[in-house]
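Undergrad: Have a look at this one before I ask anything.
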Amino acid sequence: MQMIHKEGWIEVICGSMFSGKSEELIRRVRRATYGRLKVQVFKPAIDNRYSEQEVVSHNGNKVCAIPVERAMSILEQWSEDTDIVAIDEVQFFDEDVIGVVDYLADHGVRVICAGLDQDFRGEPFEPTRTLMAMAEYVTKLQAICPVCGSPASRTQRLIDGKPASYHDPIILVGAAEAYEPRCRHCHQVTNKPSKLPETASSGE
């Protein structure tokens, strides 16, 4: 992608679980450090699946990160001489992260955010959705559906091997034991209400 010349912008890397979001974030961070740029990496403290102080991709690549409980802590620990701020699993942050990211970009920082763009229901995931609208650059990655082999853009939550209910909590930190990528047609959510108006869904 062609980069803008003025300093400070937002990049969003999004997609389903196992689509390579953290891997792509790590790749961009490493590329920047090779170029002698100062990078700070942040992650939500709730995400301790593989490491408490590293961003770790599902294939084992890793980069050191600062775990924070809330979005404003990113600003509190941000160094003004930092060129790039990278934020992994951005969907786990409170909505203050939107203002934090915007502030950093306005103050000359290249901000790289990686996160799920849809929740397990297949619905837009905040704050990723808003950040995608604000971003100068959006990269949407896809995994492979293990059921049919098609490109997978959704995340299937499994509870004891069965599809989760629509009414389950949105946030449940997990990996392959609880989630797998699915295409639109193989993605299943029990008790999911229709999004059509009643007149349309009843065929009238």
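Every residue, even glycine, has its Cβ placed from backbone N, Cα and C.
The shown structure was predicted, so the numbers you read here are calculated from the model rather than taken from an experiment.
Residues or ranges marked as ATP binding site by Swiss-Prot: G15, S16, M17, F18, S19, G20, K21, S22, D88, E89, V90, Q91. Under the heading active site, proton acceptor, Swiss-Prot lists E89, citing sequence analysis as support. Positions annotated as Zn(2+) binding site by Swiss-Prot, on the basis of sequence analysis: C145, C148, C183, C186.
For the listed features, I'd like the structural context: burial, neighbours, distances.
TA: Secondary structure from DSSP puts M17 (ATP binding site) in coil.
Taken residue by residue with DSSP, E89 (active site, proton acceptor) is part of neither helix nor strand, so it is coil. Non-local contacts of E89 (active site, proton acceptor) by the CB criterion (under 8 A, 6+ apart in sequence, same chain) comprise S22, K43, P44, D47, A114, G115.
If you take the C-beta of C145 (Zn(2+) binding site) and look for same-chain residues 6 or more apart in sequence within under 8 angstroms, you find P151, A152, P181, R182, C183, C186.
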Undergrad: Which whole-number value in Å describes the distance between the Cα atoms of V90 (ATP binding site) and C148 (Zn(2+) binding site)?
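TA: Taking the Cα atoms only, V90 (ATP binding site) lies 29 Å from C148 (Zn(2+) binding site).
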Undergrad: If one looks at the chain holding D88 (ATP binding site), which residues at least 6 apart in sequence have a CB under 8 angstroms from its CB?
TA: K21, S22, L25, V41, F42, K43, D47, V55, A65, A114, G115
Undergrad: Using DSSP and collapsing to three states, where does C148 (Zn(2+) binding site) fall: helix, strand or coil?
TA: coil
Undergrad: Rank the binding-site residues M17, V90 by the number of other Cβ atoms within 10 Å of each Cβ, and give the residue at the low end.
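TA: Counting other Cβ atoms within 10 Å of each of the binding-site residues M17, V90, the minimum falls on M17.
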Undergrad: Which residue, out of the binding-site residues C148, C183, C186, shows the minimum number of other Cβ atoms inside 10 Å of its Cβ in this structure?
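TA: Ranked by other Cβ atoms within 10 Å, the binding-site residues C148, C183, C186 bottom out at C148.
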